[in-house]
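Straight from Swiss-Prot, the features:
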type: TOPO_DOM; residues: 23-291; note: topological domain 'Extracellular'
type: CARBOHYD; residues: Asn57; note: N-linked glycosylation site
type: CARBOHYD; residues: Asn79; note: N-linked glycosylation site
type: CARBOHYD; residues: Asn112; note: N-linked glycosylation site
type: CARBOHYD; residues: Asn134; note: N-linked glycosylation site
type: CARBOHYD; residues: Asn153; note: N-linked glycosylation site
type: CARBOHYD; residues: Asn186; note: N-linked glycosylation site
type: TRANSMEM; residues: 292-312; note: transmembrane segment
type: DOMAIN; residues: 347-624; note: domain 'Protein kinase'
Amino acid sequence: MFLKLLTIFFFFFFNLIFQSSSQSLNFAYNNGFNPPTDLSIQGITTVTPNGLLKLTNTTVQKTGHAFYTKPIRFKDSPNGTVSSFSTSFVFAIHSQIAILSGHGIAFVVAPNASLPYGNPSQYIGLFNLANNGNETNHVFAVELDTILSTEFNDTNDNHVGIDINSLKSVQSSPAGYWDEKGQFKNLTLISRKPMQVWVDYDGRTNKIDVTMAPFNEDKPTRPLVTAVRDLSSVLLQDMYVGFSSATGSVLSEHYILGWSFGLNEKAPPLALSRLPKLPRFEPKRISEFYKIGMPLISLFLIFSFIFLVCYIVRRRRKFAEELEEWEKEFGKNRFRFKDLYYATKGFKEKGLLGTGGFGSVYKGVMPGTKLEIAVKRVSHESRQGMKEFVAEIVSIGRMSHRNLVPLLGYCRRRGELLLVYDYMPNGSLDKYLYNTPEVTLNWKQRIKVILGVASGLFYLHEEWEQVVIHRDVKASNVLLDGELNGRLGDFGLARLYDHGSDPQTTHVVGTLGYLAPEHTRTGRATMATDVFAFGAFLLEVACGRRPIEFQQETDETFLLVDWVFGLWNKGDILAAKDPNMGSECDEKEVEMVLKLGLLCSHSDPRARPSMRQVLHYLRGDAKLPELSPLDLSGSGMMFGVHDGFSELGMSYSSSVFKGFTGGSSIADSQLSGGR
């Protein structure tokens, strides 16, 4: 019997506790506020001696918060529905400038009795740039906003809005009220006059009503703002109620004169006659401002206008471009210098990607499109006739191949050209090969790059409508995209020729170690000279060493091609491979690439394969001929390593190669033309 009575007692006790969560609750502040007993304040919020809740003072860019100290149970269970609630408060906003203020007041229902993440200015102390709009905020608010913020789609600079987890109001309206005749009357939030606000939420219909009226007037029957939103998914079981406010650049004071709140019942009506009085806002300060401040502002505006004119003139000179009549046909390929300047953030050293003999390259992001680009600044002295050169640039820009760095266009100004390329995020190949790189490429990645560069060079030589001689094929001119595909870049040295024409040049351009002997002798750049450079590139990638290295310890010059040939002559050509590649590589493929590099480095241009043949060898469509220096000694054709790299005889069934008769080394061949 006793056990049964005890069970009934505990059941009744816990049922009583459970039911208590659904009971009504109300409070009212009619005679001023009394922190910290029943009110928690943060930021610049204070309570004046006569009991006014002063959310902000005349400090700029600050926030202020005030919350009822005890949590309120809005739901019977975490997954339950929100109970009905209502609130009423009287507020006033006083700004140092009669026509400007910042930034308003918000009634808030929040999960904590503070909003430490709230920013000042347009965020009214509620949210910040990062969390504005997050569902995890669990914040319901009614804002009295005095600043127009286009980012939040504000109605105007004098509006009331219903906010749920975001400052983009679900519903808003210009501040005002509907009188008994059904006419809308405007109210000015920053009028310095007290006004009353009512907020009502019906838990059954999910209807939210916000109503306003001037001080000492009854609550209008028609609400100012209405929205239907179920707050059950927004509010947690226990929440805090209070106010948030913030200042911007204008000195403003935000006051709460009285406040009442009710849960599961109407908020108690405020005893307006008992509310603390607002301080006297002396008009002297306003007149003083106009008397002293306005002349100062006028002077400031005059000087600002002069500064603005000077700035515009200087800006126009700064962004001045050269544009001639003949360039109009290339308009779509021309970039504005102003856009390139802002894209590269003023061509600052921080964005410098690299510097070469023909100019510096900067990274940039085009404004608006957010396209990542690389901008190369080239002096006018590095071109032919300007019209001819620009025509070539535009023509190159029409190329489309996955292994070429896209040339997007150009800009011309003040004795320099700016060439705009697509940006390659992984930079140039050379940084993965030399000087103990932090990140190295394995053989699969290297052969992928080699195939890509070969494909791009073949496109330039044979697949496009005009022959393009690149002139500077080397690892530093091979760029890697996001997937480590090799893309041939730097067409600043390229010349275009019609198919079948005889390419001529007046001076030698290129890089020592990649220049073919006949190129240094005659100054003529051909497809064969590009193949020679590609041969040096093959050895460079496979060995991880530069074609020519000056060794300070021995005061000697290291020649990569001589070194590789010497190892081949000893029957140990694989000893030339880059040790950084590791052991997991196709040795037959590495050997083929090394021998192909030697073949392409032949001092006789007629003995070098075309890029079409090179691609066949690399793809395995054709087998590289057996290249054995021992087999060549009987025919009087052999590689000279120490005494010279004079002759390279190749045993082709087609007998396409001819040897040299001299005894010069590769270095001598490159400098003297192979004679």
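Backbone N, Cα and C atoms are what each Cβ position is placed from, and that goes for glycine too.
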| message | Could you check which of the glycosylation sites Asn57, Asn79, Asn112, Asn134, Asn186 is the closest Cα neighbour of Asn153 (N-linked glycosylation site)? | response | Asn134
| What is the average pLDDT across the domain 'Protein kinase' (347-624)? | 85
| request: Tell me the Cβ contacts of Asn112 (N-linked glycosylation site) under 8 Å, same chain only and six or more apart in sequence, or just say none. | output: Tyr240
| request: Quick one: of the glycosylation sites Asn57, Asn79, Asn186, which has its CA closest to the CA of Asn134 (N-linked glycosylation site)? | output: Asn79
| query | What residues, ordered by sequence, lie under 8 A Cβ-to-Cβ from Asn57 (N-linked glycosylation site) and sit at least six positions away in the same chain? | reply | Ile44, Thr46, Glu253
| field | Listed in sequence order, residues with CB under 8 A of Asn79 (N-linked glycosylation site) and six or more positions away | value | none
| query | What same-chain residues, at least 6 away in sequence, bring their CB to under 8 Å of the CB of Asn186 (N-linked glycosylation site)? | reply | Pro174, Ala175, Gly176
| note | The number of other Cβ atoms within 10 Å of the Cβ of Asn134 (N-linked glycosylation site), counted over all protein chains shown, is 12
